[in-house]
Structures are given as C-alpha cells and as structure tokens.
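Data block below; observations after.
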C-alpha cells in the first residue's frame, strides 16, 4: 500500500477555511513519470512525518514553462508563468518546495519579474533544514550504513543556483562511505537532459552524455548514486541499464534515501 | 640624435595605430544592444579583483594556472621597465633610473627572474600546444589561423624575453669591461649566465646590446598593435569583462519585456495592445546581441576550457562554446569592416546563425552552464546560444520536430508530455 496518507490540495484546504504553510510543487515529471511519482510520494511522506501543513495544487498545477524557455519559446514560457502566477497569487502562496531543480530555478529566479514572489526551496534544502532542526534522523540499522554512496549534482541546482551542500548534508548523516565523482560540484558533468534535451533525440555524436556520466559513477565504485532531479534520475537509470549494471548500482533520489534511512 | 628621432616617431606611430584600431573595436562592441551592467559597483569590483586580477578561476587547473601566473605577473611587472626604456629612447640616456641605486638593482634583479619565468612559461605552453598536442588546444575550430595566431603570440613573447635577457647580458659584460657609457647599474641573476657566450670586444658587445634593445622595443610596439587583430586582447579586456559580469544566478535567464507585454494582452484582451516598433525576437545576427556578448567575444582568448567541459562537445557533438565566441567575434568584426566601407551596415547576405553557427550546434546545448562556470574571464556563451534558439523558434518556427511536439503538449495539456492536466494528481490515488 503506497498511500496510507491523504495528500491535500490547496483548494481543499481553502474550502475548509484553512491554508497551507508550504506548497509542494510536484512538477510534470513528479506527476506523470512513474519512477518520479515514487519520489513525489516520498517527499509527501517526509512532509507528513514532520507535521508540516502542506498542500499540492493538483490539477491546478501546470508546467512552469522551463523546457519552453530553454528551447527558446519565450511566449509559451511567459504564458505558462503568468497562468501559474495567477493561481499561486490567488491562493496567496508564500513558500514553495519543489521536487525538481528545473521548477525550482524557474519559480525562484524567473517568476519574480513577472509578478510571482515566493520563497522557493528545493526538497534537498527542506531535508537539510529538517535534519538541522533534528526532525529527521536516520533510524538504527538503516540500509545505507557503510555503503559506498556518491552524488550527482543536477546542473540547475548546482551551477545554476549554487546549491551544493544541502543534498550532501542528507547523505552525510547516513554514516555511509561517501565518495565524490571525479567531476563534481561546480565541475559536475550534466546528465544530458537539460536545456530541453529531455524531449528530443541528441545530436549526432560519438556517445550519449548519460553514458559519459555513468562511467564517472562506475569509476567511483559507488553502489548507490544519489540524484536530486527527476530528469537526472531518468538519464542515470538509462545509463546504468545500458552498462548492464542494474545489479550493482542503485539510482535513488535524496528524498527516497531519506525516507528509507529514517524508516518513515 | 637620429636614434632618438626614430624612436620618437616609432613610439607615436605605434600608439596612434593602436588607438585607431582599439577605437574600432570599441565602436563594434557598442553596436550591441543595451543591457544594464553598471549597477552594484562594489560587487563588480570584487568580481574583477578576484577573477581577473586574482586569476581565481584559472586555478581550477593548477598547472596551466601556475605557468599563466608567471606570464601574467611577468608581463605586468616587466612593463615598469618600459618606462625606463621609453625615457632612455626619447632622451638618449642609458638606464636613467639607475640613480635609485640599491632599489634599482632590486628591480632589475626581479625583472630578470620574471623574464626567465615568462620565457619558461611560454616555452612550456608552446610544447603543450605543438608537441604534447593537448586536445583542447588542437580542436577543429583552431585549425589554420587561430593556431598560427596562438603560436605567433608565444614566439613573440619568447623572442622579447630572450632579447631582454641578452641585452642585459651584453650590458653587464660592458659594465665589467669598464665601458664609460655602460656605468655599473643593475643586478643580473639570469643574464650573467649568458655572458660566457658573448664576444669579448666592446664594439661587438655594444652592437649586440643595441640590437637587442631596439629589437625588444620595436617588438613591444609591434605586439601592442598585434593585440587588436589577434585573440590576445584578454590581457586588456579581462578587466572590464569581469567587471561587467552578470551577477544573477547562472540558471536565471532574463525574461523578454516585449514578450511580457504581448502575453499580457493575450491573457487579458481588454488591455490595450503594445505599441512601438516590433523588434526582432532572439538573435539572428551579431547586431542582435548585447554589447556584453560582443565584449565577451573580443575578450575570448580561445583557451577552450569551456569546450573541454561542455557535455555536448565531450561526447562528440558539433557544439563548441569556444567556437560560438570565435564566430561571434569574427562576425562582428566583419560587420565593423562593412560599416567602415559603406558608412552604415549594408546587408551582405550573411548572418551569425547559419553562416557561422549551425542549427546542429545550437540544439546540442544542454544549458548546463559548464562553459560559463569554466571561463576564467567570465564569458557567457550560453546567452548567445539561447538567443539563437529564440530566433529559430519565435521568428521562424524552426525547431526540431520533437521540440515542437513538446511545445504543443505544453500549450494543450500544461505538461511537456501528452498527459491531460486533469490527471495531474492521479498519483495521489494510486
């Protein structure tokens, strides 16, 4: 049974005369991609576990417009942005947590000049602050203890917004054997999905970017590679599959690792 | 006297020529569109001090950073010596600053050490480029002129430093021979090793010393004027270019105000339609770029750190951020020449997109910002790539078909895939 918890929508809370303290922006991948849905549910579990009053927009959420903007379609991006801002401002949303670095970047950086002012955090930052507050703690005998774990920096969290420490913090508390990839932090290598590449075939080349990246992971000898972006998740998993390493290397989101380690 | 006259003429001519050409580059940069990079001066000064003056980003790669530091510090400090050379040249004096005594000896001593380090650095750079054939220094976009350009610069610096040291060696030997014109001045930790290979007669030594002096100073004048036609302008432009860096998070792309006005009307037809000249959306030619993009292009020294970190380039795609910058510089220079010839820009049937940069290149970008992060002088190739995409998409509707599918999904369902917006929360029920 995946869902023992009820996930409220903002509309639902408003109807009850309440409002959420935190909006969970699920994102398109988190809503529709089966693998990403599992991460979405785990983020809800964390929010529920620590007792934050949150809600999602549900069917009122729409793409932030990120892939349109990176692909050069400014009209479509701004249409999406303004419609979303209408919804968000209508509900007087103040604080947003996103499950996707692309949503995070767009909401945080590109919405303000169009009238959308919110405090936006990525779920790795939420997890970091919950750890700092002592609300999340790995349970005894959790499965990651002593495991070799590495972390792949998503471009739109790392270089784009200088968030390098929050996701690492979530891993540091695990008492695991943390290793960095040879290209990490500001020198991290893209998974190959950004800039709307997720939605098209790559240009002619000698190799796919995710294969180049998964070779870094294999070289690190890690058995778990932590991701913090649904697109990186897809690309890394495809890379693992391509290299026939599904038995040796697990690709897990920071939220999933946290849920498992905390036995939520 | 004749010597002084020739020197004066050469000095004025080289400075004049340099200013004429530098002014053209300034004019070309100003052809770009407006963008405000004059705010937050204290942050800008800090960035400039750290990145340009302090070479902070160079040290992502310690070996070339150290060699480059030799050349950089050497170049800056040995230029103090130029003051003396120019004064000597104009007034026919010899080592005019030697009245400073011990301090002068200290200066010459450090110039010699630095000259030797510059020489060593340049020789190793030359070897890395031509013998070890480092990948980033031998990629396709460097074929022909750019490769020659780089080698000419290195050879020029090697020759200039050799002449400087040989001149000092001859001078030191003349001093030891007690030649009255060559009074005792300076300290020669490096060139003293060269004294052995020099002849012993005063007349030959004077000939060598004079030849090297003239060779060095004419070389410097020539180098100054070579700067403006080469890739080497970074020694000057690195400073303004880092000062005018974009200070926003790298992930933040500017929203186009012209689009905002139109979208507002689309969403609320009761608003008055936007007025004013409809401008071009995105970048087709170099004139559609901002002046900062053009300053970036002239600042690029083609080191290729961007390209060697680019995920597309690493995996064999055609895209190279360095080539984006080189193409931009070549195109704006071409437009500048067109203006010089015709008074104003006359359509030459060329454009940055297609004539210089292909569609295959712009669509290979993952917008990962690795190129922006790596650039030691804060050049931003990504802005240009996105500008070109904007033109292709908004003015021509020319995107790869899968991208067009993504757009129509977004428009119809509010998601880049073909799922209904009403189903967005279905995962909560599963």
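Every residue gets a Cβ built from N, Cα and C, even glycine.
Range with TrEMBL annotation transmembrane segment, chosen from B:128-145, B:182-199, B:236-253, is B:182-199.
TrEMBL tags one of the stretches B:6-22, B:23-39 as transmembrane segment, and that stretch is B:6-22. The transmembrane segment (B:148-170) shares the most Cβ pairs under 8 Å with B:106-127, out of the stretches B:6-22, B:65-86, B:106-127, B:211-229.
Scored on C-beta pairs under 8 angstroms, the neighbour of the transmembrane segment (B:6-22) with the top count among B:65-86, B:106-127, B:182-199, B:211-229 is B:211-229.
Residues 64, 67-68, 70-71, 73-75, 77-78, 80-81, 97, 100, 151, 154-155, 157-158, 161-162, 164-165, 168, 185-191 of the same chain sit 6 or more residues outside the transmembrane segment (B:106-127) yet have a Cβ under 8 Å from a Cβ within it. Counting residues 6+ beyond its ends, the transmembrane segment (B:182-199) has Cβ neighbours under 8 Å at 94-95, 98, 104-106, 108-109, 112-113, 115-116, 165-166, 168-176, 205, 208-209 in the same chain. In the domain '4Fe-4S ferredoxin-type' (B:355-385), helix, strand and coil residues by DSSP number 16 helix, 1 strand, 14 coil.
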